[in-house]
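According to Swiss-Prot, the features are:
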- 34, 239, 240, 272: substrate binding site (BINDING)
- 36, 64, 65: K(+) binding site (BINDING)
- 36, 37, 38, 39, 71, 150: ATP binding site (BINDING)
- 214: site 'Transition state stabilizer' (SITE)
- 216, 240: Mg(2+) binding site (BINDING)
């Protein structure tokens, strides 16, 4: 049975990746497993990939790159600072107190006087009060300490960092080699960043790995339209985003990004600290529950767990909680959130049929929508309407089934054969759904398909509304 329409992405590490644990996560509602390469080696990653595939060929895999970042460097002992103190960020070590460098050679050159500099995910704030050719002199704004290899953010400042690091390149090549489904690339600022990742995948012999662009700063937000056009999907990565832009601007950015993804018919993932309390506690805060609910009400395809499942004390409970919240919210949302003209281009038959099917779900008691989607495009566009009934595709492509694991309300059944005629597809699909207990003979379903000869790829061409029993009998096979 299908318990929810919203998809769940869960982060796991090699420290807790036994097949039994992965199965428990999957049974609790996880659709996609995420691997954070910031904390893993190639060997660790391969171990997790192998274990996931032992459990199910329908669980999608996502490798998350570390991306370009600036960190503190050459600090032997923590620098203790108080409000009003001065520190020096220099291009190379100098004989001055409170001095440190960064791992990015262009930092001093590219950061102007007056800029805000944040250390360790925003824990320490300083302002550049003077600039010399080889150093920035900064004034501390709050008490704290500066440790080695801590993150540095410069809100509103565009640094000329390379889009793909050597470490990223190695993991992208690994994703291509092991046929991973998604690459989530960090700190995407322009469509060119997406193209850079695609070039590595193509050169590695697997251009079909799908790219999820992580939006984490103002540049990415400003360029969301061009990034969405170039990407398979988008992740709203609210951790670094909440450091790079004012915290009160994050909900507005989240909504803008979600609406842009809906506009272009691509999946969107809402991420970071969704059930952060459950890393240490068995129950979430009311604010966390509301955060998840609002993400779903705003139209997200998927919601993500990070530390909650990677190293938290209650990983299965966190997934079950997320599933429970999703099920409840989905029952109380409007049938569809979006305008009637969404994807309503009458020159494209597919879009007209999709719109008719969505309208039918509002007026009739429809149990399920069965979509004959050879490449997934029709299913992804239908998902964008966020209908209140699940969409099912039957396919012999494991890759397609896993790609659709990110799309709202879309579920896949895998078969061995490649249907030659639509009749075979419909009958097989309905019989499988009956066996799974999703539908019974008297339930009404919508069937969407293309040319009766499935070898002729002409796209979506017809819609049928029928009971399961009559749809099978009418095909007489």
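Note that Cβ sites are derived from N, Cα and C of the backbone, with glycine treated the same way.
For residue 216 (Mg(2+) binding site), the Cβ neighbour count at a 10 Å cut-off comes to 27, with all displayed protein chains included.
Cα proximity to residue 240 (substrate binding site) (within 10 Å) is found for the following binding-site residues from 37, 38, 39, 65, 150, 216: 216. Taking the centroid of the Cβ atoms of 34, 239, 240, 272 as the substrate site, the other same-chain residues with Cβ within 8 Å of it are 214, 216, 235, 237, 238, 271, 304, 306.
Counting every protein chain shown, the Cβ of residue 39 (ATP binding site) has 15 other Cβ atoms within 10 Å. Ranking the recorded positions 37, 39, 214, 239 by the distance of their Cα atoms from the Cα of residue 65 (K(+) binding site) places 37 first. Within 10 Å of residue 216 (Mg(2+) binding site), as judged by C-alpha distances, the binding-site residues found are 239; the full candidate list was 34, 39, 64, 71, 239, 272.
Separation of the C-alpha atoms of residue 37 (ATP binding site) and residue 272 (substrate binding site): 16 Å, rounded to the nearest whole number. In the three-state DSSP reading, residue 150 (ATP binding site) counts as coil.
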